[in-house]
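What follows is a set of notes on a single structure, which appears directly below.
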Amino acid sequence: AIAAVITFLILFTIFGNALVILAVLTSRSLRAPQNLFLVSLAAADILVATLIIPFSLANELLGYWYFRRTWCEVYLALDVLFCTSSIVHLCAISLDRYWAVSRALEYNCKRTPRRIKCIILTVWLIAAAISLPPLIYKGDQGPQPHGAPQCKLNQEAWYILSSSLGSFFVPCLIMILVYLRIYLIAKRSHRRGPRAKGGPGEGESRQACPVPGGPSASAKLPTLATPVASASEANGPSKPAGEKEEGETPEDPGTQALPPGWATLPNSGQGQKEGVSGASLEEEAEEEEEEEEEEDEPQAVPVSPASVGSPPLQQPQGSRVLATLRGQVLVGRGVGAMSGQWWRRRAQLSREKRFTFVLAVVIGVFVLCWFPFFFSYSLSAICPQQCRVPHGLF
């Protein structure tokens with residue numbers, strides 16, 4: 001019965017992890033750099049199921065090590081390597097989740113496939129450093145029954161404690177602290193609500209990863225446009241620059257002239273009036289990637305006394321009319337675009353938190369499964385006589 005259950009678990013492990021690797025490598029929606037962690041973790045689990053569990057099952061059923069001594073040493077090293085790699089992978093994934101939630105804009109620019117591969121390589125090197133001592137130093141392997149060869153790990157206290165700390169307890173402590181920190185961040189951001197720091201009410205604009213040779217992120221376009229002159233100015237002779245009519249109120253210094261090249265909007269009252277239709281520099285840089293944002297580009301339509309007799313200008317949804325000393329300016333949906341960017345950012349954070357919760361459940365179950373082994377394994381080094389664990393329970 002035990003052999004049948006273990007065999008089913010072996011096949012299920014191989015099949016399930018093979019599907020994970022296949023899904024990440026073939027699905028375009030799963031080709032994010034962070035999913036390389038899942039590919040490496042699944043590979044480690046497949047290696048455990050194919051190279052470790054079958055020989056462990058044979059050793060338990062026979063009661064002795066049937067295979068050669070050389071393979072016993074390699075088997076012990078691979079056992080520590082693959083199991084430690086699986087646990088440290090989960091630790092690396094938890095750190096990746098934490099950086100993605102706490103420093104999303106900055107870390108998303110740095111989360112490249114090259115960086116993720118370097119982290120994965122570091123994980124395997126840590127696991128290899130912990131698994132090498134059984135190959136280099138055989139140490140005390142405990143009493144060997146006559147005529148029944150055994151294959152056991154180094155039974156010296158220093159190796160038991162150091163391997164337990166590096167393989168389980170330290171990564172487990174890191175994961176607990178990291179997920180506690182993620183929980184506190186999620187709780188604080190939920191309390192702050194939509195008007196919290198970074199919300200649309202404070203004019204936050206979404207930052208993009210810096211592009212070499214691109215426009216400066218600090219460049220800003222004017223919010224208000226200088227409205228056109230009255231009908232008498234439009235139909236009468238133009239005056240030299242800087243010359244004002246008698247009794248005319250000086251121009252509000254808060255209003256800025258439109259940059260050259262902005263498109264004009266037609267008006268039914270007179271041929272065409274000057275108007276503006278443009279996008280911020282950041283939106284222009286993102287135009288190719290997010291074409292749907294084009295409808296959120298800010299527009300400013302001047303409204304002057306000359307247009308009183310004309311049909312009323314329809315105000316676009318989400319726009320607003322600002323009054324100046326020389327008339328009114330209809331400002332388009334710049335704030336709406338900003339708000340849309342903020343809500344997209346909120347949706348991204350929500351997805352990160354949901355994924356983090358799922359990973360926390362998986363890691364919690366994984367830790368609960370490993371804790372009994374490492375706890376009893378460590379007791380054999382701390383108090384080998386007084387805290388002896390029954391062989392069947394171990």
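Quick reminder: no glycine exception, Cβ is built from N, Cα and C everywhere.
Database features, via Swiss-Prot:
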- 1-25: transmembrane segment (TRANSMEM)
- 26-36: topological domain 'Cytoplasmic' (TOPO_DOM)
- 37-62: transmembrane segment (TRANSMEM)
- 63-72: topological domain 'Extracellular' (TOPO_DOM)
- C72-C151: disulfide bond (DISULFID)
- 73-95: transmembrane segment (TRANSMEM)
- 96-117: topological domain 'Cytoplasmic' (TOPO_DOM)
- 118-140: transmembrane segment (TRANSMEM)
- 141-156: topological domain 'Extracellular' (TOPO_DOM)
- 157-180: transmembrane segment (TRANSMEM)
- 181-358: topological domain 'Cytoplasmic' (TOPO_DOM)
- 191-318: region 'Disordered' (REGION)
- 281-298: compositional bias 'Acidic residues' (COMPBIAS)
- 299-312: compositional bias 'Low complexity' (COMPBIAS)
- 359-382: transmembrane segment (TRANSMEM)
- 383-391: topological domain 'Extracellular' (TOPO_DOM)
Check your understanding: For the transmembrane segment (118-140) against the transmembrane segment (37-62), do we get 3 or more Cβ-Cβ pairs below 8 Å once near-sequence pairs (under 6 apart) are dropped?
Key -> yes
Check your understanding: Mind checking how the topological domain 'Cytoplasmic' (96-117) divides into helix, strand and coil residues in DSSP?
Key -> 19 helix, 0 strand, 3 coil
Exercise for review: Return the stretch with the most CB pairs under 8 A relative to the transmembrane segment (359-382), choosing among 1-25, 37-62, 73-95, 157-180.
Suggested key: 157-180
Practice item. Go through the chain and flag residues at least 6 beyond the ends of the topological domain 'Extracellular' (63-72) whose CB is under 8 A from any CB in it; none is fine as an answer. Key: 55, 145, 148-151
Check your understanding: Which chain-mates of C72 (disulfide bond) that are at least 6 residues away have a CB under 8 A from its CB, listed by sequence?
Key -> W65, C151
Study note, to complete from the structure: DSSP puts the residues of the topological domain 'Cytoplasmic' (26-36) at 8 helix, 0 strand, 3 coil
Practice item. Summarise the topological domain 'Extracellular' (383-391) by DSSP state, stating how many residues are helix, strand and coil. Key: 0 helix, 0 strand, 9 coil
